[in-house]
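**Q** Take a look at the following structure, please.
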């Protein structure tokens with residue numbers, strides 16, 4: 001979890017630029033990949049490292065299945081399987097973009113390992129103990145980096161999460177932090193997403209039953225995700241939508257049309273996110289190069305600002321169903337024994353789902369690591385609790401065994417010294433005398 005926590009804090013201060021910071025040609029994302037590789041090698045090479053892990057959760061199997069399906073799709077994409085079947089004939093293909101589009105698959109085992117590793121408890125203690133200091137440092141660093149007081153999606157997410165850690169409604173400083181989150185200006189881009197995040201933060205801050213809010217919020221988000229697959233096919237031309245929203249919904253429709261054209265199998269990795277007809281004039285339309293993205297990056301990297309639709313577009317109905325099943329299983333997570341920790345973790349999951357539903361999501365490392373940290377953070381509440389229960393039960397078992405052993409050892413000693421046989425003989429003698437007296 002330390003890697004995921006570092007990524008979240010870095011993204012909240014510097015945005016997506018955090019992953020582009022480099023020494024020579026070695027950037028932060030490369031460092032995370034190397035550090036993750038070392039973690040994987042340590043886990044699989046040393047038995048002691050594996051023994052330190054807490055037990056896994058049943059919901060992990062859905063994430064493992066999603067990973068396996070994604071890796072199969074990557075292999076098929078390199079082999080040209082989709083194009084040979086004519087499944088990706090309406091989109092451009094460039095194999096050099098496969099690693100960039102499928103990078104998140106590499107970090108999925110890290111999500112599961114972070115959930116089960118004992119370091120998750122240390123991260124929790126660090127966040128709970130230093131949440132106010134972290135809030136101030138991250139906010140000040142973000143203001144200095146951007147040169148203004150406006151919050152972007154990542155910084156709003158991180159500050160809201162910290163606010164919900166060990167909050168005290170009666171303390172003025174926490175109310176001031178709440179004011180910073182709710183009333184800071186919004187940076188350009190993702191305004192609707194930020195508004196939703198701030199609303200979720202406000203609800204969790206004052207709600208009495210956090211568990212009910214989490215369950216209802218999860219099902220509400222899943223309902224919105226399902227609606228995103230339906231809305232593009234509705235006649236929205238007369239609804240008076242702005243140009244950006246209309247174009248985005250049209251983009252969703254284009255990807256869903258490609259999904260239907262492939263009979264629900266998807267187009268695989270390495271393809272453009274839009275079809276030939278939708279791209280149109282790449283030099284003057286929405287796919288034209290900007291200061292932040294080149295034309296190729298807009299076609300192959302940015303996506304349609306909805307990771308669930310893009311996931312269905314690439315991995316088909318089966319792939320997105322596995323991911324949605326895993327997300328649905330998160331709603332069954334029980335409340336932690338610490339209400340403040342549960343509030344921040346539940347907020348993080350719901351907000352990260354909103355982010356990947358209406359932004360570039362998995363296509364952007366900054367947003368993907370917000371999601372990765374959130375689900376790992378939430379599931380660690382279950383694994384830490386289960387580990388504590390197992391520890392208590394094991395301690396009780398050891399005490400019971402010690403008591404039984406002591407009892408058996410005492411009985412054996414009495415038997416060896418003839419105490420038990422003599423007592424038994426006396427009982428039998430008295431019983432015979434009693435029977436004889438009755439007969440007489």
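Glycine is no exception: its Cβ is also placed from the backbone N, Cα and C atoms.
Note that this is a predicted model, so its numbers are computed, not measured.
What TrEMBL records for this protein is below:
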- 31-50: transmembrane segment (TRANSMEM)
- 62-85: transmembrane segment (TRANSMEM)
- 91-112: transmembrane segment (TRANSMEM)
- 133-163: transmembrane segment (TRANSMEM)
- 175-206: transmembrane segment (TRANSMEM)
- 213-234: transmembrane segment (TRANSMEM)
- 308-329: transmembrane segment (TRANSMEM)
- 341-362: transmembrane segment (TRANSMEM)
- 368-389: transmembrane segment (TRANSMEM)
**Q** Do the transmembrane segment (341-362) and the transmembrane segment (62-85) come close, with at least three CB pairs under 8 A (pairs 6 or more apart in sequence)?
**A** no
**Q** Go through the chain and flag residues at least 6 beyond the ends of the transmembrane segment (91-112) whose CB is under 8 A from any CB in it; none is fine as an answer.
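**A** Residues 3-4, 29, 32-33, 36, 39-40, 56, 60, 63-64, 66-67, 70-71, 73-74, 77-78, 83, 258, 267, 269-276, 279, 296, 299-301, 314, 362-363, 365, 368-369, 372, 375-376.
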**Q** Going along the chain, which residues at least six beyond the ends of the transmembrane segment (308-329) come within the CB cut-off of under 8 Å?
**A** 58-59, 62-63, 65-66, 69-70, 73, 101, 218, 222, 225, 228-229, 252, 255-256, 258-259, 262, 264-269, 271, 273, 353, 356-357, 361-363
